[in-house]
Amino acid sequence: MAKTFDLVILGSGSTAFAAALRAAERGKTAAMTEVRTLGGTCVNRGCLPSKNLIEAAKILYESKHPRYPGLSPASMGLDFRALIEQKDAVIEDYRGKKYESIISNSERIRVFEGAARFSGPNEVTVNGQVLSAPRFLVATGSAPTVPEVPGLRDTPYLTSDLLTSHEDIELTELPASLIILGGGYIALELGQMFSRFGTRVTILARGERILSAYEPEIAQSVADVFREEGIAIQTNTTVSRVQGDERQVVVTLQVDGRQKELKAAKLLVATGRTPNTEHLGLDLPGVDLDERGFVKVNEELRTSAEHVYAAGDVIGSNTGSQMATPVGAQDGGIAAENALNGKGGHKVNHAVIPRAIFTDPQMGVVGLSDEEANARGYACDCRVIPMSLVPRAGAVRETRGVLKMVADRTTKKVLGVSMHGMNAAEVIHEAAMGLHFGASIDDFAHMLHVYPTMSEALKIAALSYTKDVSKMSCCAD
């Protein structure tokens with residue numbers, strides 16, 4: 001017999017939870033489904049566990065490479081297995097407090113374990129249990145992309161999802177060496193982390209540079225830091241074959257027309273994310289996908305099927321979205337609101353989405369890049385300042401990085417900010433607030449800041465439009 005709910009949600013991650021909670025707040029019932037672990041990718045295999053280990057690697061690295069003369073390198077040991085165990089404990093505690101306890105205390109939300117699939121236009125089946133509802137939300141998230149490379153699927157490899165292999169076996173021993181396929185944010189975060197733990201790391205990027213989707217000045221700044229720390233970066237690569245076993249992996253690649261062979265203890269695949277839409281039976285309700293498998297939606301997050309909505313990673317960049325946890329959580333609530341009221345009306349706003357990459361120094365990005373702004377017809381006026389001009393950076397001897405500001409030459413409106421520098425993931429929120437309210441160069445230039453803070457980088461960049469900031473007093477406008 002079918003169990004009936006007001007809203008059936010495929011998934012149980014941040015997007016799904018936001019939708020289920022919104023339904024409960026409205027006095028409605030919601031069912032969530034989960035094929036793996038309650039909470040989805042972010043809490044279990046993505047954002048939180050990776051940041052836990054990245055911070056541990058930072059502490060270890062700084063103990064051995066103090067920035068201050070007068071401080072001697074410390075002899076700090078590393079027990080990688082114990083680090084993994086503490087990470088698991090942190091995640092289990094967080095999942096219990098933020099996900100499991102909420103479900104156990106809710107009379108309106110149910111979770112069904114197993115692979116969910118539409119078995120008809122108005123029903124989903126999970127482990128033989130049929131769930132029916134007038135409205136559905138697809139929030140199944142994404143998984144690591146596995147490129148079609150000869151030999152790869154027959155070779156042991158790791159992915160970004162909890163540093164597991166493609167057989168879901170978690171890494172518990174630190175590899176002596178690591179080859180990473182990919183030059184994006186996941187490759188960089190995990191590459192620097194492993195390097196700081198003591199692994200010899202080689203990053204293979206397909207394009208002319210790492211971070212091909214970001215400002216070139218930022219990408220170059222990050223590359224400089226990585227090479228300074230001993231991380232090998234190889235660009236313009238085409239991997240032609242992968243082979244190996246649990247002891248060694250061999251990668252054959254083409255670099256500028258020449259064939260090379262690299263060997264390492266482990267291989268990490270970090271070539272992007274793929275939507276989890278393949279086995280959902282979305283053809284039964286009539287849900288259309290784009291050429292990459294992402295669900296097509298309108299600004300109300302309604303799919304081509306009138307009673308089915310979608311949000312989170314599963315929609316990719318449709319409606320200008322980003323594959324990020326806070327975006328999915330925000331959109332999950334909007335999708336639920338539209339689905340449950342029966343008439344929609346609530347539209348998503350993806351115009352200003354701050355992003356961060358947790359390398360060290362961090363990266364923070366919001367708005368348009370120089371190239372994107374020009375492509376949209378703006379007459380761009382850009383400035384790039386080094387972190388060495390920021391008093392706080394100089395005071396704490398962390399001057400690595402740059403900040404780039406993109407503005408409209410005609411209106412002076414700031415269109416985008418990209419920062420590579422200490423605390424960039426925090427600083428970028430001020431830039432995001434400015435973009436949200438249409439701030440101009442002058443608004444940023446004349447905004448009072450606490451001194452000395454890294455947020456002053458925004459003020460200094462704005463002042464650089466009208467003066468030579470390299471000759472400016474540290475406290476003067």
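Any Cβ shown, glycine's included, is placed from N, Cα and C.
Just so you know, TrEMBL annotations never went through curation; they're auto-generated.
The annotation NAD(+) binding site is assigned in TrEMBL to Gly182, Gly183, Gly184, Tyr185, Ile186, Ala187, Leu188, Glu189, Gly272. Here TrEMBL flags Cys42-Cys47 as disulfide bond. Here TrEMBL flags 5-325 as domain 'FAD/NAD(P)-binding'. Positions annotated as domain 'Pyridine nucleotide-disulphide oxidoreductase dimerisation' by TrEMBL: 353-461.
The structure, with features from TrEMBL marked on it.
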{"residue": "Cys42", "record": "disulfide bond", "Cβ contacts under 8 Å, 6 or more apart": "Gly13, Ser14, Leu48, Thr325"}
{"residue": "Cys47", "record": "disulfide bond", "Cβ contacts under 8 Å, 6 or more apart": "Thr41, Thr325"}
{"residue": "Gly182", "record": "NAD(+) binding site", "Cβ contacts under 8 Å, 6 or more apart": "Ile203, Leu204, Ala205, Arg206, Val269, Ala270, Thr271, Gly272"}
{"residue": "Gly184", "record": "NAD(+) binding site", "Cβ contacts under 8 Å, 6 or more apart": "Ile210, Leu211, Ser212, Ala213, Ala270, Thr271, Gly272"}
{"residue": "Ile186", "record": "NAD(+) binding site", "Cβ contacts under 8 Å, 6 or more apart": "Ser160, Ala270"}
{"residue": "Leu188", "record": "NAD(+) binding site", "Cβ contacts under 8 Å, 6 or more apart": "Ile203, Ile210, Leu211, Val222, Phe226, Ile357, Thr359"}
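Once the Cα atoms of Gly182, Gly183, Gly184, Tyr185, Ile186, Ala187, Leu188, Glu189, Gly272, the listed binders of NAD(+), are compared pairwise, the greatest separation found is 13 Å. In sequence order, Ile180, Leu190, Gly191, Ile210, Leu211, Ala270 are the same-chain residues whose CB sits within 8 A of the CB centroid of Gly182, Gly183, Gly184, Tyr185, Ile186, Ala187, Leu188, Glu189, Gly272, the residues recorded for NAD(+) being left out.
Averaged across the domain 'Pyridine nucleotide-disulphide oxidoreductase dimerisation' (353-461), pLDDT in this predicted model comes to 98. Secondary structure at Ile186 (NAD(+) binding site), as computed by DSSP, is helix.
In the shown protein chains, 17 other C-beta atoms lie within 10 A of the C-beta of Gly272 (NAD(+) binding site).
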